[in-house]
């Protein structure tokens, strides 16, 4: 039974890796080619490109850790390897999460309708707001890495004192839980920001529709359409984000059955669903990416049909 479940999870994992690489690679290539052609790039395209690159790195880092832990499990007990892997994953995951949060902030400032002077000031300085948010997040990244490295050093030193097999296994589980628990705490901050933005967008849409009804105007104006489109993307993003966050919470818990190999693969599948699935949402939600994707599909279809035609 476990072998069947494990095989199924590996197939799903493989599909997610392919989707993640193709989807995020597509976003990065399209925006970089457009940048090279126009000699300029908009703020939202900058965020899209950086997010796509960070998610490509996330997919490959997760794949590297998975293969290393399966094939060279002894390496995962050394301090140097643990620090390299954990720090790499922490940094990549940090930018993956915070760039997505910055994208939410950008959409909120550009779409929401509030007459508050502070909000209007932030809207006019949206590029500065995004830049400052990323810079401030680096402080959290520094603290996150510092805490994780401290726990790794302490845990490895304890393991060296007691080198029995059971202590080796327990120590690996302990390090993993500390690592995941720490990342869960630091992931909760951008998650809270994104959730707040989502609620504010709903409130903005509600007040906008209320004003439209009061003025007896058509509710299907450009602002309403933009609100609904942004909320649709945010709902999907929040759903994937919530699943990813809950997976971190469960992995960092002390329930022993969650330490089994099958559950480890299950959590890997959940972790990859966020960067892989959200890339598809971004492509479908962005007009330039969507049109380029459709054109690419039609070109590939035409090329395939032409190749199948028999020669004279």
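Here the Cβ of each residue, glycine as well, is placed from N, Cα and C on the backbone.
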- [ ] Please verify against Swiss-Prot: do residue 211 and residue 286 share a side of the membrane?
- [x] yes
Open item on the list: For the candidates 113, 162, I need the one that Swiss-Prot annotates as N-linked glycosylation site.
Closed with: 162
Open item on the list: If I go by Swiss-Prot, the feature transmembrane segment sits on one of 164-184, 185-205. Which?
Closed with: 185-205
- [ ] Report, as numbers and ranges, every residue of the chain located at least six residues beyond the transmembrane segment (265-285) whose Cβ falls under 8 Å of a Cβ in that stretch; write 'none' if there are none.
- [x] 6, 9-10, 12-13, 16-17, 19-20, 23-24, 26-27, 48, 51-52, 55, 58-59, 62, 66, 96, 100, 229, 232-233, 236-237, 240-241, 243-244, 247, 250-251, 293
Open item on the list: Can you tell me which recorded stretch out of 47-67, 91-111, 134-154, 185-205 has the most Cβ pairs within less than 8 Å of the transmembrane segment (230-250)?
Closed with: 185-205
- [ ] Would you please pick out, from the glycosylation sites 2, 86, the one with the fewest other Cβ atoms within 10 Å of its Cβ?
- [x] 2
Task: Positions on the same chain near the transmembrane segment (134-154), where near means CB under 8 A and six or more residues out - done: 79, 82-83, 86-87, 90-91, 94, 98-99, 102, 175, 178-179, 182-183, 186, 189-190
Open item on the list: Cβ under 8 Å, sequence separation of at least 6 from the ends of the topological domain 'Extracellular' (1-9): give me the contacting residues as numbers and ranges.
Closed with: 261-262, 265-266, 268-269
